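See below for the structure under consideration.
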Amino acid sequence: MTPTELKRLYRIIKVQLEYGLDDLLPDHQLAKAPRWMRKSLFWLKNQHPEKPLGDRLRLALQELGPVWIKFGQMLSTRRDLFPPHIADPLALLQDQVSPFDGALAKAQMEQALGGPLETWFSDFDLVPLASASIAQVHTAKLKTTNQEVVLKVIRPDIRPIIDADLKLMRRMARIVAKAMPEARRLKPIEVVREYEKTLLDELDLRREAANAIQLRRNFTDSEELYVPEVYPDFSNETVMVSERIYGIQVSDIAGLKANGTNMKLLAERGVSVFFTQVFRDSFFHADMHPGNVFVNPEHPENPQWIGLDCGIVGTLNSEDKRYLAENFLAFFNRDYRRVAELHVDSGWVPADTNIDEFEFAIRIVCEPIFAKPLCEISFGHVLLNLFNTARRFNMEVQPQLVLLQKTLLYVEGLGRQLYPQLDLWETAKPFLEEWMMNQVGPKALINAIKDRAPYWAEKLPELPELLYDSLKQGKAMNQRMDQLYQGYRASKRQQATGKFLFGVGATLVVCSAILVDHTYEQLSLATAIAGVTFWLFSWRAYRR
């Protein structure tokens, strides 16, 4: 380790001990070193003994900085790995840090764009509109159109910090996985690797710009969701320019009510937006926490969601969508056998899984949930319980499903915060059933034909020539097959002749031996010569 890494490691250990996080350590040989540190570094006492363990963990991660804050946010979504008293406080982590100098932000943008900001923008505000651990946002106007925009810029000093902390995380994960077999269930190496990929993706604003453009295209002219326009000419790896929007934050219930918002319709539209993204587009915003969701203040009787920060998105393939939809429908029809079979069919659990045992495990977990009225059942927690049960049957972690579960919990939480009587199942079931009908039966066939229509329109003019070539090739193939068959027949005849001649020759040789014993020497010699002659003919027959 370099001196810088050792200094950072000491800082991490210091914060952990000051928040009493050594309480998280199991009774294991590996835990002796931190406990020895606790005794040796006697001046580092637990300064928050009165706080619950989950809150202490949250505060420690917040103090350690951006990499650890985002790591805690990711861990809060892995409820298949962590109990509620740990995951719930982590969900409250706030990704807000002190802003850096606006003049430095401007210089960073000018370097990325290759010229003074005044060339393209007016009214650039040096005071940031918002500041987070990875990036900072400033406002301005486009000179050509006078359109208000926001400029998002990556912090100039963030990459070395991230690289150093990720290196320490990887090292600690390897140590834990190697020395503590019982901790392998938490998959520390895989969790850190997944987090590293997510975090590094957020450092490339080109990815966020592409995601926002795609999501905006998917909801063009939609009354349900609006995604601000991105200006790709002014966007690159470290800077992104997009349309500035004005809205009411979705968590501002008082503000929404004061604006006369139709809260029931707003909540239902949130559910509709989620299922549309998942099942129609196979592309969904996977970071829909309240800070990224606003409501258009215009037309409060017909409210529209506004989605920001598309840095994290999820995708599902057609098989995942079909199995997910069938799982939901089977769940709410209490067909647990079908749920178990779908998990095996999809490959989410091993093919040799005992269906009866799996069905029984799902039934035990889910029946208590369905004892409540449907309007009180959490879709997200149904999915969570399903994944937790499947993990006991060796279900591999499916990153796309983890993102889906996190997003569903966000959407459901927001929906019930807006309208506590929201019946998610009543809103979602018609959507799922219609989607399933579009995937099977006559309607699906018609859609498939429509999808392939451009291909057939291109190929139809070539059909006569293709048909002629096929017939010509078929005729040539038949002739070739006839030739091969005739050759095969001739070969079989030759082999039969050879066997016959060999048999005759062998018989004559045996006869010559018998005749010698009976003093018919001349006849015996003639018979032997004839036998050898027949052998020669049989050998020639085999050689052809």
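The chain as shown is numbered from 1 upward.
Any Cβ shown, glycine's included, is placed from N, Cα and C.
Per-residue confidence over the domain 'Protein kinase' (123-501) averages 82 (mean pLDDT, predicted model). What Swiss-Prot lists as domain 'Protein kinase' is 123-501.
Taking the Cβ of LEU129 (ATP binding site) as reference, residues of its chain lying under 8 Å away and at least six apart in sequence are, in sequence order, VAL137, HIS138, THR139, VAL150. What Swiss-Prot lists as ATP binding site is LEU129, ALA130, SER131, ALA132, SER133, ILE134, ALA135, GLN136, VAL137, LYS152, and the listing cites sequence analysis.
The active site, proton acceptor annotation in Swiss-Prot covers ASP287 and is backed by sequence analysis. A C-beta separation below 8 Å, combined with a sequence spacing of at least six in one chain, links ASP287 (active site, proton acceptor) to ASP309, CYS310, GLY311, ILE312, THR407.
The transmembrane segment annotation in Swiss-Prot covers 496-516 (among others).
Under the heading transmembrane segment, Swiss-Prot lists 519-539 (among others).
SER133 (ATP binding site) is surrounded by 20 other CB atoms, counting those within 10 A of its CB over all protein chains shown. Cβ neighbour count for VAL137 (ATP binding site): 20 (other Cβ atoms within 10 Å of its Cβ, all protein chains included). The binding residues for ATP are recorded as LEU129, ALA130, SER131, ALA132, SER133, ILE134, ALA135, GLN136, VAL137, LYS152; their greatest pairwise CA distance is 14 Å. Same-chain neighbours of the ATP site beyond LEU129, ALA130, SER131, ALA132, SER133, ILE134, ALA135, GLN136, VAL137, LYS152, judged by a C-beta within 8 angstroms of the site's C-beta center, are, in sequence order, PRO99, PRO128, VAL153. Looking at SER131, ALA135, the binding-site residues in this record, the fewest other C-beta atoms within 10 angstroms of the C-beta turn up around SER131.
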